[in-house]
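*Asks:* The region 'Disordered' annotation in TrEMBL covers 1-30. Per TrEMBL, the feature transmembrane segment maps to 47-66, 110-136, 148-172, 179-199, 211-228.
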Amino acid sequence: MAGRSRKNARQSTEYPLRRQTAGRPGHRHLESRQTGLRMNGMMTSHFFALLGGYLLGSIPFGLILTRLSGAGDIRKIGSGNIGATNVLRTGRKGLAAATLLLDGGKGAAAALLAAYLGGWALALPAGIAAVIGHLFPVWLGFRGGKGVATGLGVLLATAWPVGLICCALWFAVARTIKISSAAALCAFAFAPLLALAVGGMGLGPPPLAQSHWQAAAAFMLIAVLVFIRHADNIARLRAGTESRIGTRS
């Protein structure tokens, strides 16, 4: 009993001291400073993820490959777009395939590199920045591609089940009606819904399995960007004058 009384006495004197220490202005200042440093660190990480994603996405692989191969300036061929579909209009299928893979790869690389360096929370912002970089590259006066391959690369890196389904949907529609723009619009229209359905089951990488609502919102933003860049294509689809895959226009 005496030992228990002494223990209780020590606790009664220690706990007020702890509360007093926690309530001191110096302690509160230290906590505030630590919180501020964490916030600054997060903001810095997001800034570099966005900047790196944008710069990576803005590399115009279609233009680089066509020039190196002697096919000329892709911006003066067909639709003037720097993407794989327009590169295919040069008649060089291998060049178009390489453009498709590289454009998709830079979207995936931006997301995965950001995740590796700063955690999965940076993957989606970096991926969106890569799509924006492809659409509006600083090197080409902010006149770039339409974001389809780069966007699919982001989907595959951050939500591979959704990315695979969207790629399969694009391929099925493109093979059926031979119109790349319609296939792309169908694929990206379903991406946010697929993120909610697949992510809700806890499948896929952390951006999808753990934050499927955020993933759906990110994919919605990418889809909106893709639809905006396809405004002329949508008008031609409505008029029935949209060009088909492989045709020179």
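Glycine residues also receive a Cβ, built from the backbone N, Cα and C atoms like all the rest.
Help me picture where these features are in the structure shown.
*Replies:* Listed as Cβ neighbours of the transmembrane segment (148-172) (distance under 8 Å, sequence separation of 6 or more from its ends, same chain) are residues 57, 83-85, 99-100, 103-112, 123-124, 127-128, 130-131, 134, 180, 183-184, 186-188, 190-191, 194-195, 198-199, 203-205, 207-208, 215, 218-219, 222-223, 225-226.
Remote same-chain residues near the transmembrane segment (211-228) are listed as 124, 127-128, 131-132, 135, 146-148, 151, 154-155, 158-159, 162, 184-185, 188-189, 191-193, 195-196, 198-200, 234 (criterion: CB distance under 8 Å, separation of at least six residues from the stretch ends).
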*Asks:* Near the transmembrane segment (110-136), which residues from the same chain, at least 6 beyond its ends, have a CB less than 8 A from one of its CBs?
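*Replies:* Hits for the transmembrane segment (110-136): 45-46, 49-59, 103, 142-147, 150-151, 153-154, 157-158, 205-207, 210, 214-215, 218, 221-222, 225-226, 229.
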